[in-house]
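*Asks:* Questions regarding the structure given below will be posed in turn.
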């Protein structure tokens, strides 16, 4: 039995470490942001509305550009047996959100495992071990790997491409960047894969969007050709290299540069990924998720450097490098803790719904409870997975002026405003505001403030007279 246990840990120990950290993030921070809204609503609708496309969220809130349903379909199909069991047990829909996020994380981490195995075969088990250590000490990759962003759904395919690239199956990776690849064979492979992918997305998405559609072409046209994405904010050309990558890589950032100098084989793998980040830097609108698929390659290069430093740690000069590396890793752990605490407090409206459902349910009659969710709340933690069944109803109707709410029949409002005429503020939920550096211990603290307010209709005295936490006095 002990021998079987040792064999299991040898095969899957690293996966258990990374998977446990990713699962911890899921259970501690289950809610989603506006960037994830399309895919998370799509997964909900596929699982709960199935063929009733007229009920799908995207028809009412299509977003700026259409997105593909292909990734959401794959995750939903894999999660459907668990979700079916949850429905039979009458568990809240929020549990289904845990399920789809864990399935997505399993997909991404299984492809990362494939890449990691190729690293072990090509560079040794010690480099593999440091690859896992550096990944575990970072926050963003494992936090985001369960989040239903388009970039994360594509991230799984990128990890497979990395694995095949390291394995030497260049046509499987559809890579035409080396002389060992025949141009015409590479072109044929690329065209075949592109035709299959485009055909699948056009077939699926044209049905669900109810018009002939290739979503990613429209996204590319909107973001890259029209450059409309810059309307959502811009950063300077160097931002990925001076902000996004240092925050996401942490200790691996200086180590990957050192790895390029120590092992000339590393440069061969770093160059295409580095070129990708440079090209993406030309787009004014920048977000970390756009280049998150580059992190595994940078971690690999850093692992090569870490392995070399570890092997030479008893030599005079290398001893100082080893101590510095340990310091960087401890710093990474501290930064990851701060990032996690900030993220935990960054979904205030998701946390607001939980006490609303608990305290605000009907007890004396069977009237419906109608909740209006404003744009801020919809963007910061609420999805259809957070909704309860009858008697609860929800509205995300936009463009309602504050003074007009008193003429509507909403029972509750989730709103970023403290005062709304015709309603009483029942409670508030704090959210992350900023990081404060101070003298003392701990040297860094999180500053929070009220972000979302729950209001009750003053005409419903039964609701108003319940035991609510109350709202802070805001001057």
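Cβ atoms are placed via backbone N, Cα and C, with glycine included.
Feature list, courtesy of TrEMBL:
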TRANSMEM  12-31  transmembrane segment
TRANSMEM  69-89  transmembrane segment
TRANSMEM  127-146  transmembrane segment
TRANSMEM  152-174  transmembrane segment
TRANSMEM  186-209  transmembrane segment
TRANSMEM  237-259  transmembrane segment
TRANSMEM  266-283  transmembrane segment
TRANSMEM  289-310  transmembrane segment
TRANSMEM  322-344  transmembrane segment
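Help me understand the surroundings of these features in the structure.
*Replies:* Outside the transmembrane segment (127-146) by six or more residues, the chain places 14, 17-18, 21-22, 25-26, 29, 101-102, 104-105, 108-109, 112, 116-117, 119-120, 152, 155, 247-252, 255, 288-289, 292, 295-296, 299-300, 302-304, 306-307, 310, 329, 332-333, 335-336, 339-340, 343 with a CB less than 8 A from a CB of the stretch.
Long-range Cβ contacts of the transmembrane segment (266-283) within its own chain (Cβ-Cβ under 8 Å, at least 6 residues beyond either end) map to 165-166, 177, 223-224, 227, 229-230, 237-241, 245, 256, 259-260, 290-291, 294, 297-298, 300-301, 304.
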*Asks:* May I ask which of the stretches 12-31, 69-89, 186-209, 237-259, 289-310 has the most CB pairs under 8 A with the transmembrane segment (322-344)?
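*Replies:* Answer, by Cβ pair count: 237-259.
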*Asks:* What same-chain residues lie close to the transmembrane segment (289-310): Cβ under 8 Å, and 6 or more beyond its ends?
*Replies:* 35, 112, 115, 119, 123-124, 126-131, 133-135, 138, 140-141, 144, 149, 151-152, 154-155, 158-159, 162, 240, 244-245, 248-249, 251-253, 255-256, 258-260, 262-263, 266, 269-270, 273, 276-277, 280, 318, 321-322, 325
*Asks:* Residue list, the transmembrane segment (12-31) vs rest of chain: Cβ under 8 Å, 6 or more residues beyond ends.
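*Replies:* Tertiary neighbours of the transmembrane segment (12-31) are 94, 97-98, 101-102, 105-106, 109, 112-113, 116, 128-129, 132, 135-136, 142-143, 145-146, 340, 343-344, 346-347, 349-351, 381-383, 386.
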